Amino acid sequence: MPFSNSSELGPSFVLASIPGLEAAQSWMAIPLCSAYVLAVLANGAVLLVVRAEPSLHAPMYFFLCMLAAVDLALATATVPRILCFYWFGSREIGFAACLLQMFLIHTLSAVESTVLLAMAVDRYVAICHPLRHAAVLTNGATAKIGLLAVARGVLFFLPLPLLLLPLPFCGSRVLSHSFCLHQDVMNLACANTTPSVVYGLTAILLVMGLDAVLICLSYLLILKAVLRLAGWRERLKVFSTCIAHICVVLAFYVPLIGLSVVHRFGKDLAPLVHIIMGNIYILVPAVLNPIIYGVRTKQIQRRILSLI
(Lines of atoms letter the chains of each structure in order from A and count residues from 1; the text may use other names and numbers.)
(Lines give C-alpha, C1' and ligand atoms only; values in the text may rest on other atoms or scores of the structure.)
Protein backbone atom coordinates (compact mmCIF):
# COMPACT_ATOMS: atom_id res chain seq x y z
CA MET A 1 0.00 0.00 0.00
CA PRO A 2 1.56 3.38 -0.94
CA PHE A 3 2.09 6.00 1.75
CA SER A 4 2.15 9.70 1.16
CA ASN A 5 4.29 12.31 2.87
CA SER A 6 1.48 14.50 4.13
CA SER A 7 3.82 16.60 6.28
CA GLU A 8 7.30 18.03 5.90
CA LEU A 9 8.07 16.67 9.36
CA GLY A 10 7.66 13.03 8.36
CA PRO A 11 5.51 10.40 6.70
CA SER A 12 1.83 9.77 7.25
CA PHE A 13 0.56 6.82 9.25
CA VAL A 14 -2.38 4.52 8.60
CA LEU A 15 -5.03 3.95 11.26
CA ALA A 16 -5.85 0.35 12.09
CA SER A 17 -8.86 -1.35 10.56
CA ILE A 18 -10.37 -4.73 11.38
CA PRO A 19 -9.33 -7.27 8.73
CA GLY A 20 -12.33 -8.67 6.89
CA LEU A 21 -14.77 -6.17 8.40
CA GLU A 22 -13.88 -3.05 6.42
CA ALA A 23 -17.31 -3.00 4.77
CA ALA A 24 -19.07 -3.05 8.14
CA GLN A 25 -17.04 -0.23 9.71
CA SER A 26 -19.73 2.36 9.04
CA TRP A 27 -22.15 0.31 11.13
CA MET A 28 -19.55 -0.32 13.81
CA ALA A 29 -19.10 3.44 14.14
CA ILE A 30 -22.70 3.89 15.31
CA PRO A 31 -22.15 2.62 18.90
CA LEU A 32 -18.87 4.55 19.01
CA CYS A 33 -20.63 7.75 17.95
CA SER A 34 -23.46 7.10 20.42
CA ALA A 35 -20.97 6.66 23.27
CA TYR A 36 -19.21 9.88 22.27
CA VAL A 37 -22.49 11.85 22.15
CA LEU A 38 -23.43 10.42 25.56
CA ALA A 39 -20.03 11.41 26.97
CA VAL A 40 -20.37 14.96 25.63
CA LEU A 41 -23.92 15.38 26.97
CA ALA A 42 -23.20 13.80 30.37
CA ASN A 43 -19.96 15.67 31.05
CA GLY A 44 -21.44 18.89 29.71
CA ALA A 45 -24.41 18.45 32.05
CA VAL A 46 -22.04 17.99 35.02
CA LEU A 47 -20.23 21.22 34.14
CA LEU A 48 -23.50 23.15 33.80
CA VAL A 49 -25.01 21.72 36.99
CA VAL A 50 -21.97 22.46 39.16
CA ARG A 51 -21.79 25.98 37.76
CA ALA A 52 -25.50 26.65 38.34
CA GLU A 53 -25.86 25.01 41.78
CA PRO A 54 -24.30 27.10 44.60
CA SER A 55 -24.40 24.15 47.02
CA LEU A 56 -21.95 22.31 44.75
CA HIS A 57 -19.33 25.06 44.84
CA ALA A 58 -16.93 22.93 46.88
CA PRO A 59 -13.49 21.41 46.11
CA MET A 60 -14.85 17.91 45.47
CA TYR A 61 -17.20 19.17 42.76
CA PHE A 62 -14.62 21.53 41.29
CA PHE A 63 -12.37 18.48 40.88
CA LEU A 64 -15.32 16.70 39.28
CA CYS A 65 -15.60 19.58 36.79
CA MET A 66 -11.90 19.25 35.98
CA LEU A 67 -12.44 15.53 35.43
CA ALA A 68 -15.39 16.21 33.12
CA ALA A 69 -13.41 18.80 31.13
CA VAL A 70 -10.46 16.42 30.71
CA ASP A 71 -12.74 13.57 29.61
CA LEU A 72 -14.41 15.85 27.06
CA ALA A 73 -11.06 16.98 25.69
CA LEU A 74 -9.66 13.44 25.53
CA ALA A 75 -12.70 12.05 23.72
CA THR A 76 -12.82 15.01 21.31
CA ALA A 77 -9.11 14.63 20.49
CA THR A 78 -9.69 11.08 19.24
CA VAL A 79 -13.27 10.05 18.46
CA PRO A 80 -14.10 12.55 15.65
CA ARG A 81 -10.96 11.42 13.78
CA ILE A 82 -11.93 7.77 14.27
CA LEU A 83 -15.43 8.48 12.92
CA CYS A 84 -13.93 10.17 9.85
CA PHE A 85 -12.02 6.96 9.23
CA TYR A 86 -15.01 4.66 9.79
CA TRP A 87 -17.53 6.73 7.81
CA PHE A 88 -15.45 8.38 5.09
CA GLY A 89 -12.54 5.93 4.73
CA SER A 90 -9.91 8.52 5.69
CA ARG A 91 -7.30 6.12 7.06
CA GLU A 92 -4.17 8.24 6.72
CA ILE A 93 -3.13 10.66 9.45
CA GLY A 94 -0.25 13.08 8.93
CA PHE A 95 2.90 12.84 10.99
CA ALA A 96 2.38 16.21 12.71
CA ALA A 97 -1.31 15.46 13.39
CA CYS A 98 -0.37 12.05 14.80
CA LEU A 99 2.25 13.51 17.14
CA LEU A 100 -0.20 16.20 18.30
CA GLN A 101 -2.91 13.63 18.97
CA MET A 102 -0.42 11.41 20.80
CA PHE A 103 0.72 14.35 22.96
CA LEU A 104 -2.88 15.28 23.82
CA ILE A 105 -3.85 11.72 24.74
CA HIS A 106 -0.89 11.17 27.07
CA THR A 107 -0.98 14.68 28.57
CA LEU A 108 -4.73 14.60 29.25
CA SER A 109 -4.40 11.12 30.76
CA ALA A 110 -1.70 12.47 33.09
CA VAL A 111 -3.95 15.41 34.04
CA GLU A 112 -6.83 13.03 34.79
CA SER A 113 -4.56 10.87 36.95
CA THR A 114 -3.44 13.94 38.92
CA VAL A 115 -7.04 15.10 39.42
CA LEU A 116 -7.99 11.63 40.69
CA LEU A 117 -5.13 11.85 43.18
CA ALA A 118 -6.33 15.30 44.28
CA MET A 119 -9.83 13.90 44.79
CA ALA A 120 -8.39 11.08 46.92
CA VAL A 121 -6.53 13.65 49.05
CA ASP A 122 -9.77 15.63 49.34
CA ARG A 123 -11.56 12.53 50.68
CA TYR A 124 -8.68 11.81 53.06
CA VAL A 125 -8.70 15.32 54.55
CA ALA A 126 -12.52 15.40 54.75
CA ILE A 127 -12.67 12.09 56.65
CA CYS A 128 -9.46 12.05 58.69
CA HIS A 129 -9.13 15.80 59.39
CA PRO A 130 -12.63 17.27 58.91
CA LEU A 131 -11.96 20.40 60.96
CA ARG A 132 -9.02 21.34 58.71
CA HIS A 133 -10.75 20.54 55.41
CA ALA A 134 -12.10 24.03 54.74
CA ALA A 135 -8.76 25.63 55.60
CA VAL A 136 -6.60 23.21 53.57
CA LEU A 137 -8.70 22.81 50.41
CA THR A 138 -9.84 26.34 49.64
CA ASN A 139 -11.09 27.43 46.21
CA GLY A 140 -7.72 29.05 45.56
CA ALA A 141 -5.87 25.85 46.45
CA THR A 142 -8.22 23.86 44.19
CA ALA A 143 -7.48 26.17 41.23
CA LYS A 144 -3.73 25.87 41.86
CA ILE A 145 -4.01 22.08 41.91
CA GLY A 146 -5.79 22.19 38.55
CA LEU A 147 -3.06 24.36 37.03
CA LEU A 148 -0.39 22.12 38.54
CA ALA A 149 -2.08 19.05 37.02
CA VAL A 150 -1.97 20.60 33.53
CA ALA A 151 1.63 21.79 33.94
CA ARG A 152 2.70 18.38 35.21
CA GLY A 153 1.14 16.58 32.26
CA VAL A 154 2.67 18.95 29.71
CA LEU A 155 6.17 18.88 31.24
CA PHE A 156 6.30 15.09 31.54
CA PHE A 157 4.81 14.19 28.14
CA LEU A 158 5.97 16.99 25.84
CA PRO A 159 9.32 15.16 25.28
CA LEU A 160 7.53 12.10 23.86
CA PRO A 161 6.73 13.58 20.41
CA LEU A 162 10.05 15.46 20.41
CA LEU A 163 11.93 12.16 20.82
CA LEU A 164 10.04 10.71 17.83
CA LEU A 165 10.67 13.66 15.51
CA PRO A 166 14.18 12.63 14.31
CA LEU A 167 13.38 8.92 13.94
CA PRO A 168 13.08 7.41 10.44
CA PHE A 169 10.03 5.32 9.51
CA CYS A 170 10.97 3.09 6.60
CA GLY A 171 8.82 0.01 7.13
CA SER A 172 5.17 -0.56 7.86
CA ARG A 173 3.30 2.53 8.98
CA VAL A 174 0.05 0.83 9.99
CA LEU A 175 -0.88 1.58 13.60
CA SER A 176 -2.41 -0.93 16.03
CA HIS A 177 -5.22 1.44 17.03
CA SER A 178 -7.55 3.93 15.41
CA PHE A 179 -5.55 6.76 17.00
CA CYS A 180 -1.91 7.53 17.82
CA LEU A 181 -0.19 6.33 20.98
CA HIS A 182 3.49 6.77 21.80
CA GLN A 183 4.38 3.09 22.08
CA ASP A 184 2.44 2.27 18.92
CA VAL A 185 4.18 4.94 16.81
CA MET A 186 7.58 4.22 18.37
CA ASN A 187 7.40 0.53 17.42
CA LEU A 188 7.14 1.51 13.73
CA ALA A 189 10.49 3.35 13.73
CA CYS A 190 13.44 1.65 12.02
CA ALA A 191 16.08 3.08 14.36
CA ASN A 192 17.26 2.82 17.94
CA THR A 193 14.30 3.74 20.15
CA THR A 194 15.97 3.11 23.53
CA PRO A 195 15.82 6.77 24.69
CA SER A 196 12.14 6.95 23.77
CA VAL A 197 11.41 3.63 25.51
CA VAL A 198 13.25 4.63 28.69
CA TYR A 199 11.72 8.09 28.91
CA GLY A 200 8.21 6.87 28.10
CA LEU A 201 8.36 4.20 30.82
CA THR A 202 9.85 6.66 33.31
CA ALA A 203 7.14 9.25 32.62
CA ILE A 204 4.36 6.66 33.04
CA LEU A 205 5.82 5.40 36.33
CA LEU A 206 6.42 8.89 37.74
CA VAL A 207 2.94 10.12 36.86
CA MET A 208 0.31 7.36 36.63
CA GLY A 209 2.30 4.84 38.67
CA LEU A 210 3.10 7.26 41.50
CA ASP A 211 -0.47 8.60 41.51
CA ALA A 212 -1.88 5.07 41.80
CA VAL A 213 0.39 4.32 44.78
CA LEU A 214 -0.56 7.57 46.53
CA ILE A 215 -4.28 6.95 45.90
CA CYS A 216 -3.96 3.50 47.46
CA LEU A 217 -2.08 5.00 50.42
CA SER A 218 -4.82 7.61 50.89
CA TYR A 219 -7.48 4.92 51.03
CA LEU A 220 -5.47 2.81 53.44
CA LEU A 221 -5.36 5.80 55.79
CA ILE A 222 -9.08 6.43 55.20
CA LEU A 223 -9.88 2.78 55.94
CA LYS A 224 -7.79 2.94 59.11
CA ALA A 225 -9.73 6.01 60.27
CA VAL A 226 -13.11 4.46 59.37
CA LEU A 227 -12.36 1.27 61.31
CA ARG A 228 -11.84 3.36 64.45
CA LEU A 229 -15.51 4.36 64.42
CA ALA A 230 -17.77 2.61 66.90
CA GLY A 231 -20.55 1.06 64.81
CA TRP A 232 -20.89 -0.46 61.37
CA ARG A 233 -23.56 2.07 60.38
CA GLU A 234 -21.20 4.95 61.04
CA ARG A 235 -18.41 3.18 59.17
CA LEU A 236 -20.58 2.50 56.13
CA LYS A 237 -21.99 6.03 56.14
CA VAL A 238 -18.52 7.60 56.16
CA PHE A 239 -16.99 5.20 53.66
CA SER A 240 -19.97 5.55 51.29
CA THR A 241 -18.77 9.08 50.51
CA CYS A 242 -15.75 7.45 48.80
CA ILE A 243 -17.63 4.90 46.68
CA ALA A 244 -18.09 7.19 43.66
CA HIS A 245 -14.42 8.16 43.63
CA ILE A 246 -13.28 4.53 43.94
CA CYS A 247 -15.44 3.60 40.94
CA VAL A 248 -14.03 6.50 38.91
CA VAL A 249 -10.46 5.46 39.80
CA LEU A 250 -11.18 1.90 38.65
CA ALA A 251 -12.81 3.18 35.45
CA PHE A 252 -9.59 5.04 34.63
CA TYR A 253 -6.85 2.66 35.78
CA VAL A 254 -8.34 -0.69 34.72
CA PRO A 255 -8.53 0.24 30.98
CA LEU A 256 -5.09 1.89 31.27
CA ILE A 257 -3.54 -1.28 32.71
CA GLY A 258 -5.43 -3.43 30.19
CA LEU A 259 -4.12 -1.37 27.28
CA SER A 260 -0.56 -1.54 28.64
CA VAL A 261 -0.81 -5.32 29.00
CA VAL A 262 -2.13 -5.66 25.45
CA HIS A 263 0.80 -3.59 24.14
CA ARG A 264 3.35 -5.54 26.16
CA PHE A 265 2.10 -9.11 25.81
CA GLY A 266 -0.56 -9.01 23.08
CA LYS A 267 1.50 -8.94 19.89
CA ASP A 268 -0.13 -12.16 18.72
CA LEU A 269 -3.66 -11.08 19.60
CA ALA A 270 -6.22 -10.31 16.93
CA PRO A 271 -6.29 -6.67 15.70
CA LEU A 272 -9.87 -6.42 17.00
CA VAL A 273 -8.59 -6.77 20.59
CA HIS A 274 -6.18 -3.84 20.19
CA ILE A 275 -8.87 -1.64 18.63
CA ILE A 276 -11.49 -2.48 21.27
CA MET A 277 -9.06 -1.95 24.17
CA GLY A 278 -8.00 1.41 22.71
CA ASN A 279 -11.60 2.58 22.33
CA ILE A 280 -12.44 1.40 25.86
CA TYR A 281 -9.49 3.36 27.25
CA ILE A 282 -10.67 6.54 25.52
CA LEU A 283 -14.43 6.32 26.07
CA VAL A 284 -15.22 4.27 29.19
CA PRO A 285 -14.03 6.87 31.75
CA ALA A 286 -15.68 9.70 29.78
CA VAL A 287 -19.03 7.87 29.76
CA LEU A 288 -18.97 6.34 33.24
CA ASN A 289 -17.57 9.19 35.35
CA PRO A 290 -20.57 11.59 35.07
CA ILE A 291 -23.01 8.68 35.40
CA ILE A 292 -21.31 7.44 38.59
CA TYR A 293 -21.32 10.86 40.23
CA GLY A 294 -24.83 11.58 38.93
CA VAL A 295 -26.12 8.42 40.63
CA ARG A 296 -24.24 9.07 43.88
CA THR A 297 -24.93 12.81 44.23
CA LYS A 298 -28.52 13.86 44.96
CA GLN A 299 -27.89 17.53 44.15
CA ILE A 300 -26.67 16.62 40.67
CA GLN A 301 -29.64 14.28 40.17
CA ARG A 302 -32.18 16.92 41.12
CA ARG A 303 -30.57 19.62 39.00
CA ILE A 304 -30.29 17.38 35.92
CA LEU A 305 -33.93 16.31 36.30
CA SER A 306 -34.98 19.94 36.56
CA LEU A 307 -32.97 20.75 33.40
CA ILE A 308 -34.64 17.87 31.56
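From the backbone N, Cα and C atoms, a Cβ is placed for every residue, glycine too.
The feature domain 'G-protein coupled receptors family 1 profile' is assigned by TrEMBL to 42-293. Computed over the domain 'G-protein coupled receptors family 1 profile' (42-293), the whole-number mean pLDDT of the model equals 90.
Remote same-chain residues near the transmembrane segment (27-49) are listed as 18, 21, 56, 64-65, 68-69, 71-72, 75-76, 79-80, 82-83, 86-87, 279, 283, 286-287, 289-291, 293-294, 299-300, 303-304, 307 (criterion: CB distance under 8 Å, separation of at least six residues from the stretch ends). What TrEMBL records for 27-49 (among others) is transmembrane segment.
Sequence annotations record features per position, and here TrEMBL assigns transmembrane segment to 61-88 (among others).
Below 8 angstroms of C-beta separation, residues 6-7, 9-13, 60, 63-64, 66-67, 70-71, 73-74, 77-78, 81, 145-146, 148-150, 152-154, 156-158, 160-161, 164-165, 179-182, 185, 203, 207-208, 211-212, 214-215, 218-219, 245, 248-249, 252, 256, 282, 285 of the same chain, each at least six residues beyond the ends of the transmembrane segment (94-121), sit close to that stretch. If you look up TrEMBL, you'll see 94-121 (among others) marked as transmembrane segment.
Sequence annotations record features per position, and here TrEMBL assigns transmembrane segment to 142-165 (among others). Beyond the ends of the transmembrane segment (142-165), by six or more residues, the same chain brings 9-10, 59, 62-63, 66, 99-100, 102-103, 106-111, 114-115, 118, 182, 185-186, 189, 195-196, 199-200, 203, 206-207 to within a C-beta distance below 8 angstroms of the stretch.
Sequence annotations record features per position, and here TrEMBL assigns transmembrane segment to 197-222 (among others).
Under 8 Å from some Cβ of the transmembrane segment (243-266) lie the Cβ atoms of residues 67, 109, 112-113, 116, 119-120, 123, 176, 181, 183-184, 204, 208, 212, 215, 219, 273-274, 277-278, 280-281, 284-285, 288-289, 292-293, 295-297, all in the same chain and six or more residues away from its ends. The transmembrane segment annotation in TrEMBL covers 243-266 (among others).
The transmembrane segment annotation in TrEMBL covers 272-295 (among others).
For the transmembrane segment (197-222), same-chain residues at least 6 beyond its ends with a Cβ under 8 Å from one of its own Cβ atoms are 106, 109-110, 113-114, 116-117, 120-121, 123-124, 127-128, 152-153, 156-157, 159-160, 163, 182-183, 186, 239, 242, 246, 249, 253, 256, 260.
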